[in-house]
Amino acid sequence: MEIEEFFESYNVQLEDVKKQLLRQHSHVLVQGSAGSGKTTLLKARSAYLIECEQMEADQIWNIARDGKSAKQLTREFRHFYDGVAMPHFIDLHALAYKIIKMDHEAKGISVWPAYRNVKNFVKKICKDMFALSLTNDKLDEVLYQIAHCKNMLMSESQIDKVQMEGMNFPAIYKMYEKNRKTKQFYDMDDVLVEALCILRSDQDVLEGCHQAISCLQVDDAQEISFAGHMLLRSVCGDHAQLFALADKSASCKKVSCAFPEALDTLDTAYPGLQNYTLETNYRNAKMIQEIMNKFSHETRVCASEEDGEVKFKGFSNLDRVYSYAYETVSADMMQEHVFLYRNEEMALPLIDMFMEKEVAFYCSKSLKNLLKDTLIADMVGFIRLLSNAHDLDAFIQVQDHFHLDIPQRVFPEVAQCMQLQDMDIYQALMDSSLRAVSKKKLAGRMEKIRLAAMKDTLGMISFVLKEFNYRNYLDKHQANEKHPALLALYTMAERYPEPKDFVMHMQRIADFNSMDLANVKICSIEESMGQEYDNVYVLDCMNSLFPKTGVYDEYERSLFYIAMSRALKHLEFFTFKKASLVKMELSGFLFEIYQQPEENQPVRDTSMDSQPKKVRLSDLKRGKKIVHATLGLGRIMKISDGMMHVQFANELKTLNAKLCIQNDLIDLP
């Protein structure tokens, strides 16, 4: 088939530089921004090689960023090039696993299974063998460091030099490897390293790969790790052609252990490599491209004639964000609405609201594991216990924070006492064989625990943070009051002030039904890579949340750029002043993309400002929020006889309401 006939038969519309790339036979690296048509080019070139150059479809291997993307590319190729023989669409880990199977089956060796998620396995090792109760964020850091060591092909002596605050990482790494090998499985990083070792040591397997592959096309090459690049080089050999497509501004380094630096020296590994750049964005509307250019300090050209829409939505509190999200979705259920989050905890209240309002939505099922996160699980456990002193499972879950050093033999005694003598947990512990010093500790807390049982959900959370020194525990794990898990818990606590309702809804979130074809989607920014949506809403555009680390490192910037580039026509950024009693600040990223010129900023006329309304005693009621001149924002927990108990961010204070009003010490927010 001639090339012009190919374009006409399959309605392929490409600019001149892409037509040239179809016929390029040397090694090629194509770098382009989001929406420049890189993936469209990959599919068109696969079809062109099969139809016009008579290359065997089985000889063309297209490497996608992950298994999900590979399946999507397969569907799209079948749709756009119906009748063309199907080339391979596969992710690099799947290709590496094929190499392992080829080698092991030839040698009669059983093939270990490969697991994509080893989070719970590593968490259990850290807890059981190193007495480390890791928060979700800290566990992610450990997982990333393990993956980084493997993908960088680090030696044992190099791993021994790796340091992580608060733990002996080399010991954890060695214990993980020992247990993994005992259980006989691979993680995804092992698969790459094992396949590379096989290709370097087994000439028959290497020659088999060379015979099977004539053209290796790599989409999202910026996501390939160092070990992945070494594997690709071995697979290509001297005869196969490499055709790589990349966007270095959208690299998720901490997710894939990407090594985009390799792209800068790719010509040394592949002699004769040709470099091309695609500048035009065919995906995003003009306004969206404009803010992307501002953020990346580039001048990409926008091909779309649509203006599009970008909104910066600010709300008084976090729960209003979720209410607005529901209002937006319910106004037009037929439209596609995608809510992107940087922190998975921020999705929990949105999932709860959609479940409560019976909105069909898609969400990654991995979010169910988030409820096992130490911080969230502990807080739910505490509230279960404070609201029901007979919940032994809840007590066992959080008993480490009581610091009672309870031997395991005591719990059967406690369970028996509770069952036979109708005692609660504390009475049963006092009646058990628990050491006298531990009983004395428990007795010292009994009155406060009993009083806490009468608090609402938010009051219970504040009680736990203060009385169980949980703030010190959070500090130890580098989690402050603005940690996304705490913000989500505060929001759910305000939504459900009755502790039993709170617990029920938190547990119900674990049973959400995800519908793949739903128009409403909740997903992480990393998960949205390679996708495009009509309407995109970014949930957590606040400092300490996004950028998550509080600093503008390269990874955080890449994620923010990716989030913007997913939107075709409509993009909204959500911000909020506070979550419960915690004041928040706007993300610095927003100031970069939205800076109103000084000459356009209106001059504020203060002559008509009204004087603040004087607070009256009748305004002060239980549950009401107040702002104190020195103590800041607080919530009235109880008021009687002119005295009010107010919960501030860090402490519970008793104040004389009349004196506060007379001296203008309090105001209503």
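Glycine is no exception: its Cβ is also placed from the backbone N, Cα and C atoms.
Per TrEMBL, the features are as follows:
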- 11-285: domain 'UvrD-like helicase ATP-binding' (DOMAIN)
- G32, S33, A34, G35, S36, G37, K38, T39: ATP binding site (BINDING)
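Mean pLDDT for the domain 'UvrD-like helicase ATP-binding' (11-285) in this predicted model: 94. Listed in chain order, the extra residues whose Cβ falls within 8 Å of the Cβ center of the ATP site residues G32, S33, A34, G35, S36, G37, K38, T39 are D247, L278, N281, Y282, R283.
Of the binding-site residues G32, G35, K38, G35 has the largest number of other Cβ atoms within 10 Å of its own Cβ. Neighbour count (other Cβ atoms within 10 Å of the Cβ, all protein chains): 23 for A34 (ATP binding site). Over all protein chains present, the Cβ of S36 (ATP binding site) has 24 other Cβ atoms lying within 10 Å. In the three-state DSSP reading, G32 (ATP binding site) counts as strand. Around G37 (ATP binding site), the same-chain residues at least 6 positions away in sequence with a Cβ under 8 Å from its Cβ are L14, K18, L278, T280, Y282.
Listed binding-site residues: S33, T39; maximum Cβ neighbour count within 10 Å falls on S33.
Secondary structure from DSSP puts T39 (ATP binding site) in a helix.
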